[in-house]
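Contents: one structure, followed by commentary.
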């Protein structure tokens, strides 16, 4: 027994074909939007690849770009099919291809749904990538004279200014690394010598941060050096006073930015997926309604359309049997090839 059977007359078939034609062209626009979102995400990831240890994954943006292009192609073709569906002469050339085309549409819908899920799952991989990338980027902040790293100072400074953040997890991360180049240290100074000697690794560590950590909204001039020394500044207590620095770490700021971007992209992709599923269901009804016409030459005759020719369990059983037959066919072919090669070996 057919699943979700619906009766169609000529008027209903015409309305269905026209509605699907319009929906397909809206879906082409949706495909362009998905393509644009994928391209934008790819650019945003590449833009900050230096603070992601150059190990960021482009699987999701590449997938979005791919399904965006495929959506435009499939829906343009479906729009043409719907336009030709009510002309018997034009429909005849599409008839042999409709079943395979619908199967491809179902597969495309599955892929689109998986891509939407991947958008929501990207956060986990980004978190570890950002943690390692930012840590290494901060280590190379001082290497302004080293080829291949001379740009890192500008990259980190611009990042902290743009995202209003400081350090990896917070401003105290800068206390643990030497971010001032040896080129700008006076090694004849007793203070510099003492600081370097007091460190096991011979690094010049200070309780200070780069200028890009300063919050311009603070009414007080920026205090970026001797942050933990209350006596070094007038009317200052670092434990109780709200520091005029960005308190948020850059990892959290970037993760929040990319998470919002990915959640928005995932939501849009899910909406497009629902739209595509609706179109595929509509195409199935149009296909079965046209196939079920008793007299194709008489456009006025009634017909029946359905979603599945049999019930869900029967359809699933038939699908499994066809897969088994395909597997057995491949096995027989392989055995035949082995038998043909055996005499040659002897």
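Note: Cβ is positioned from N, Cα and C throughout, glycine not excepted.
Now, the feature entries from Swiss-Prot:
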- 53: N-linked glycosylation site (CARBOHYD)
- 229: N-linked glycosylation site (CARBOHYD)
- 263: N-linked glycosylation site (CARBOHYD)
- 341-346: region 'Interaction with MREG' (REGION)
- 1-18: topological domain 'Cytoplasmic' (TOPO_DOM)
- 42-62: topological domain 'Lumenal' (TOPO_DOM)
- 80-101: topological domain 'Cytoplasmic' (TOPO_DOM)
- 123-264: topological domain 'Lumenal' (TOPO_DOM)
- 284-346: topological domain 'Cytoplasmic' (TOPO_DOM)
- 19-41: transmembrane segment (TRANSMEM)
- 63-79: transmembrane segment (TRANSMEM)
- 102-122: transmembrane segment (TRANSMEM)
- 265-283: transmembrane segment (TRANSMEM)
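Projection of Swiss-Prot feature records onto the structure.
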{"residue": "53", "record": "N-linked glycosylation site", "contacts (Cβ under 8 Å, 6+ apart)": "129, 132, 133, 136"}
{"residue": "229", "record": "N-linked glycosylation site", "contacts (Cβ under 8 Å, 6+ apart)": "207"}
{"residue": "263", "record": "N-linked glycosylation site", "contacts (Cβ under 8 Å, 6+ apart)": "119, 120"}
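Looking at 19-41, 102-122, 265-283, the range that has the most CB pairs within less than 8 A of the transmembrane segment (63-79) turns out to be 19-41. Within the same chain, the transmembrane segment (102-122) packs against the transmembrane segment (265-283): three or more Cβ pairs sit under 8 Å, each pair at least 6 residues apart. Proximity of distant same-chain residues to the transmembrane segment (265-283), defined by a Cβ-Cβ separation under 8 Å and at least 6 residues beyond the stretch ends, is recorded for 16, 19-20, 23-24, 26-27, 30-31, 33-34, 37-38, 41, 64, 67, 71, 75, 78, 81-82, 102, 105-106, 108-109, 112-113, 115-117, 119-120, 307. The DSSP secondary structure for residue 229 (N-linked glycosylation site) is coil. Outside the topological domain 'Lumenal' (42-62), and at least 6 residues removed from its termini, the chain residues within Cβ reach (under 8 Å) are 115, 118-119, 122, 125-126, 129-130, 132-134, 136-137, 151-152, 155-156, 159, 250, 254, 258, 261-262. Across the region 'Interaction with MREG' (341-346), the model assigns an average pLDDT of 52.
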